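Annotated in TrEMBL:
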type     : residues      : note
ACT_SITE : Glu224        : active site, proton donor
ACT_SITE : Asp374        : active site
ACT_SITE : Glu504        : active site, proton donor
ACT_SITE : Glu545        : active site
BINDING  : Thr632        : Ca(2+) binding site
DISULFID : Cys447-Cys490 : disulfide bond
Amino acid sequence: MATVLPLSSHDVQYDNAKFRRRSFFKVITQAALTSNVRRNCGSCGMGKLLALLMIAGLTFLTVAHTNPGISVTSQIVKHIGGKDGEKLITEGDRHVELWKKLWRKPPRIPPRLHPHEKVRNSSLGVEVRNQQQISEWAVKQTKVAEAFRHAWTGYKKYAMGYDELMPLSKRGVDGLGGLGATIVDSLDTAMIMGLNDIVEEAGSWIDKSLPERLNEKGQVNLFETTIRVLGGLLSAYSLSGGDNETTVDWGSRTVFHGPSPAVYLERAVDLADRLMSAFTSSPTAVPFSDVVLRERSAHPAPDGLSSTSEVSSLQLELWYLSKLSGDPKYGKAAMQVLEHFKTLPKLEGLVPIYISPNSGHFVGDNIRLGSRGDSYYEYLIKVWLQQQGVDHEGGHVSYLREMYDEAMKGVKHRLVQKSIPRGLVFVGELPSGEHGGFYPKMDHLVCFLPGTLALGATRGLSKQRAMEEGLMTIEDLENLKLAEDLLTTCYEMYAVTTTGLAPEIAHFHTKEFYEGGSQGGNASSEFLDDIIIRHADHHNLLRPETVESLFVLHRITQDSKYREWGWQIFQAFESHTKVDSGGYSSLNDVTVLPPSRRDKMETFFLGETLKYLYLLFGDSNVLPLDRFVFNTEAHPLPISRKGIENVHTFQTEVA
């Protein structure tokens, strides 16, 4: 609604009442009543009196003409042209037309507006349309929250306290060490959605049951436990008001039920103290992969190797824990891993997917951005963003930005190709490193890359703002364009299948590679011959990477197509993976209808997939990307505003 400004002494007084419809009789009487005749009849001149008499006479003639009971002068008929059909006009008709013209009602014109109102009303239509769009996406956001509640209800009913729900057999399973991973992974999602009852349920379990689990449980994976459980605890602490830097600017002022924020930090410190044995037990800066929690001990994996992505994706969480607790040991141990990586040889910034904690060197030649390689590249830019905010010079962690930039150049030079015949841009692999051939295989996991490229290009700002502030280089613009192209490919991996859900892995038709009969099943897709889906790769695990990038790209570009794509993906999840009794299931085959189901609901469906969809449909002021960085399990952690000089000696800044 346009705002009406108060009128000043210089403004024109606009009376909109004059544009109401009034009868002829009302016109005459109102004129008489409001004229000087009413106020001073004695001064009425002869001219005014004659004018009133003339009006009365003309009115009588008009009425008389339209009344058959009144005699009028005989009509004189004249012929006016015409051959086939002559038009006859009478003198009486002429009089009628004349009086109709004289006494017809004036056209209704819009009211004159105050000049400031004109400016504000010019955009009123746009504002109304925008409000309608906002309402539309708010409704869709509510649908996502309902899906989260349905997933949580199934977990709570059949698997509370277990790591994951098996929705078909209606029971729980511990596949991540028995720390109630779904509970901790889901907590900040419930906070973001404002589902206070679920926050209270999850928080109460963490308060009362998690300490016992930490004391009793055995082996866990360092990486999975850090990103899911430690990351979830730290995010819950931040969003619930524990960190003063985040309580005022994450987009919600909800007062959450459940334990005090200090409980989440206490559990995080307890867990991290046990995980630190992975670092202290290793002879190098590279930590062991497995930790025995109750013994506070660690050992390497059976093959003696650690995944590159796993040891290089612990820094966001442990650095933030040091910042909160005041104990630098967590951040110091984690950052030493990346400092060590800086010294290792690389192929145009690209690294193999395995590393030995015993020697500290990479093992093998396999280079890919899918499993075991993905989040190494993600954390290079995110750790840089976390510790330096929008300071593009990078300070003491500038080497991370340099490593990221070099790696993205290597990706474009070595790994990016286009499919045929339709030219989808994709990221392939080098299974044998520099001296082997290119392999056109792309895991769904690689769909994290569009979002990472966009973050690196704009520092989490919108493209418009980054351009206005002069932060984007030509290379940044190229990386953002690559992000958009890759995200199109990720979306088409969904759209090409019969179910509308992506396979775990896709191959791409190139000049050197093609396999017939391995299509997605959606005959209406124009990319049916570009995307190859092998039978072993038909499954879908409810993964979040594509919707993660949709969320980031929408925030940065404001292109509504990313929301539309996200809504289509959400609807496909609802249609094919929802289990009536509660929860959602993975699928065995996305290319057939109805798809057969796998008896598993991964924790990241609640912790990541539904969270990113909810944020995609919501306001950009909730968890803005220039103030928060999401870890690789979608737990938002605040970006430092201090530009700390040395991560090893910083001081605590706790609420």
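Cβ coordinates are placed from backbone N, Cα and C, and glycine is handled just like the others.
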Of the recorded positions Glu224, Asp374, Cys447, Glu504, Thr632, the one whose Cα sits nearest to the Cα of Glu545 (active site) is Cys447
The residue listed as 'Ca(2+) binding site' and Glu504 (active site, proton donor), compared by Cα position, are separated in whole Å by 18
Students should find that the Cα atoms of Glu224 (active site, proton donor) and Glu504 (active site, proton donor) sit apart, in Å rounded to an integer, by 19
Its Cβ having more other Cβ atoms within 10 Å than any other among the active-site residues Glu224, Asp374, the winner is Asp374
Asp374 (active site) to Cys490 (disulfide bond), Cα to Cα, whole Å, comes out at 15
Cβ contacts within 10 Å for Cys447 (disulfide bond), all chains included, total 29
Rounded Cα distance in angstrom between Cys447 (disulfide bond) and Glu504 (active site, proton donor) is 11
Same-chain residues at least 6 apart in sequence with Cβ under 8 Å of the Cβ of Glu504 (active site, proton donor), in sequence order, are Asp443, His444, Asp537, His538, His539, Asn540, Leu541, Arg543
